[in-house]
Amino acid sequence: MSTTVTQVRTGSIPKTLKTSQIRVEEQEITELDTADIPLPPPSKEPTEVLSLDKTTPDSHVPRDPRLIRLTGVHPFNVEPPLTALFQQGFLTPPELFYVRNHGPVPHVRDEDIPNWELRIEGLVEKPITLSFKQILQNYDQITAPITLVCAGNRRKEQNTVRKSKGFSWGSAALSTALFTGPMMADIIKSAKPLRRAKYVCMEGADNLPNGNYGTSIKLNWAMDPNRGIMLAHKMNGEDLRPDHGRPLRAVVPGQIGGRSVKWLKKLIITDAPSDNWYHIYDNRVLPTMVTPDMSSQNPSWWRDERYAIYDLNVNSAAVYPQHKETLDLAAARPFYTAKGYAYAGGGRRITRVEISLDKGKSWRLARIEYAEDKYRDFEGTLYGGRVDMAWREACFCWSFWSLDIPVSELASSDALLVRAMDEALSLQPKDMYWSVLGMMNNPWFRVKITNENGRLLFEHPTDITGSSGWMEQIKKAGGDLTNGNWGERQEGEEPVEAEPVVEVNMKKEGVTRIIDLEEFKKNSSDERPWFVVNGEVYDGTAFLEGHPGGAQSIISAAGTDASEEFLEIHSETAKKMMPDYHIGTLDKASLEALRKGNADTTDSSSDPRPTFLTPKAWTKATLTKKTSVSSDTHIFTLSLEHPSQALGLPTGQHLMLKTPDPKSSSSGSIIRSYTPISPSDQLGMVDILIKIYAETPSIPGGKMTTALDTLPLGSVIECKGPTGRFEYLDRGRVLISGKERFVKSFVMICGGTGITPVFQVLRAVMQDEQDETKCVMLDGNRLEEDILLKNELDEFEALAGKKEKCKIVHTLTKGSESWTGRRGRIDEELIRQHAGTPDRETMVLVCGPEAMEKASKKILLSLGWKEENLHYF
């Protein structure tokens, strides 16, 4: 007989549907199909936002505190504890389902869901836009069990051997649920794809640093019913939760999780794979000889579609024995039951799981439980979707294995090895295939066994919450994890020496002069700025004019121990220049006295200071407000020491911010320079516009911006300044490294948050009616929403009217169809058109990404501009 289950109450419901009673929307089901169908385990939806998330863009998302965060507080990338995941059984409750987010979770309100739209366009006869309501009402709904696996599952093992570009996942980056929704093929058929169509490109609503997340799969896969590719709006009978794509997502069984796009907004039918940034630079297995540097220097590695990952490979892991589990041999039963999971990709079935206790010389077969097969005998609907597994032979889910092992054999073994094979006879390899993103890691899973005086200790390869895995211990002990013997030394083999960290030598060869505190202070003036880094004394006089940050950057360090900010801010290139300025070593007693003096910078005066910033000491401001400008850009408002205090920052200059490094184990700090956007005469507070560079698999993320993003309101941020060699005085008068000159016009070239220093100059010009300086701004961005301070720029241009005092030109590389402005990068044509003929009375101000600055400089010099008329903030 057929059965319908539409909504199950998950209080004390048994995990299988047999002949027991279950209440379903006031309807009693007393007799069910004889099939034994796994139902979702009891689920408790989180209702409170965790304190960690309250100051992030995900402040609207309640979460389960048991999930293990892998990339700091934000973005949210988590896996459940492995044992807790396995104990839930075949299906995973949504609150424990692993999460891979590249950025903020779109905030979708209940009232927005009926009107959520999905656009199907591209190589189709009839482009259409479907509402969420139409997707539910006009298409057949299917319910199917599907396991999703992150391509980075078990990546920490690769990172232990050699750091990849991806963050570390343990062996729990997978979960299984009953997904409900229409088949993707039915949706696509409504738009009638053209004959030359080959791919389905998908795009989500998440707004990320490199545009919306998008990827593609082959169209013939989407149209193949046996592959089961679908759109889902339910998960285990519940509406999708925010972290899992609420209200609509793609689900691609048998392929890596990165192809199952969340918060789905577009299906674009094309004749080529997606050109989305995340499709190209994520989810690839590059050849093992390609290093991170090689992949950064040669983008062609990423654009080779042969290296893109689609189907999952065969993989397995042991859950029991657990990591750090112990077994008392005297009290143990005769047999120990080892357990774990295995999965394969492309709809292929796991056909065997094998266990070895003698380094792979011999193997024994484990039992395999295929819980997915129980749905093949069920006819009916679950949660509003028809279960159509009866005809389908493809396998979409993980399987569980187990094996009873004599404890005496465990006691005589040094490791338990696990490997699996699928029906294509693909077998897990013994050794790791390292790659630059660390994805698809699937060597034999090894649980180390140590007999400690009659007690067995079991250890997994890595520990996702620490460094207690056997791989981490072997590496620390000098073992070679690539030696084919799991890093363990053969008899007579010498330990591998750890590669030493190469420090740049900042001392001049042959300099032996010892300097005491009296001599150091005597020679530490604005004209002759001596300063200390790592106990060594440097004379910055010769670099006062040439320093990119201006003379003030060096003058501010005069007479101080500048080690912290110098080492935090400066590159290896800058450090290599230091021997030219090295003059001696500060004696030990003087260094201790100097550092004590550096620490004691508190103004003992009880009178309020009129000016906040001081060039030689850090002063404390309080973070009082965060205002979101876009999903990844915020205005941070800092309150000064009192409401009538001036910041003390000249127009065009910068201040340094210092905040604790949340990832440092030694109370380290992060220091960066910023230009505020608040008016220079604003009292009591300062506004700073900052773009948050979140971590991605191929980009480590902004160290300072991610730290600032996690700070709660009320946090103290230290400030110092001013710095910079450029200052705009008024009415065409500028200071360059302290020397005054006059200009009649500015050409301002900027991109992203690089707009902030040139904006300060532009505002100073526009707010002074007597200032006749002409300004042309070329502002380059990716999308319309990336244009910062646009309202203010529009006001300045309107204020100028026909006087040609202000002209703003925006150019976008990824502008939408409705964008009517210029498209493309800031190139030679644009600069030639708007910069005019080079002359002594025009100055070019540039600030933006390093690549843009380098490209613009090359263009400007080729057009005849002299370096003295170019300023790079």
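Glycine is treated like the rest: Cβ placed from N, Cα and C.
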For the FAD site that Swiss-Prot lists with Arg672, Ser673, Tyr674, Thr675, Leu689, Ile690, Lys691, Ile692, Tyr693, Lys703, Met704, Thr705, give the additional residue from the candidates Thr619, Thr622, Thr624, Thr756.
Thr756
For the annotation region 'Disordered' in Swiss-Prot, which listed range does it cover: 30-61, 478-509, 638-669?
30-61
10 Å Cβ neighbour count around Met843 (NADP(+) binding site)?
26
Which has the fewest other CB atoms in a 10 Å radius around its CB: Leu689, Met704, Cys847, Ala851, the listed binding-site residues?
Ala851
Quick one: Cα separation, Cys847 (NADP(+) binding site) versus Thr756 (FAD binding site), in Å?
8
Hey, does DSSP put Leu689 (FAD binding site) in a helix, a strand, or just coil?
strand
If you compare CA-to-CA distances from Ala851 (NADP(+) binding site) to each of the binding-site residues Tyr674, Leu689, Tyr693, Met704, which comes out shortest?
Tyr693
Rounded Cα separation (Å) that holds between Tyr674 (FAD binding site) and Pro849 (NADP(+) binding site):
14
When DSSP states are grouped into helix, strand and coil, how many residues of the region 'Disordered' (30-61) land in each?
3 helix, 2 strand, 27 coil
Cα-Cα, whole number of Å: Lys691 (FAD binding site) versus Met843 (NADP(+) binding site)?
27
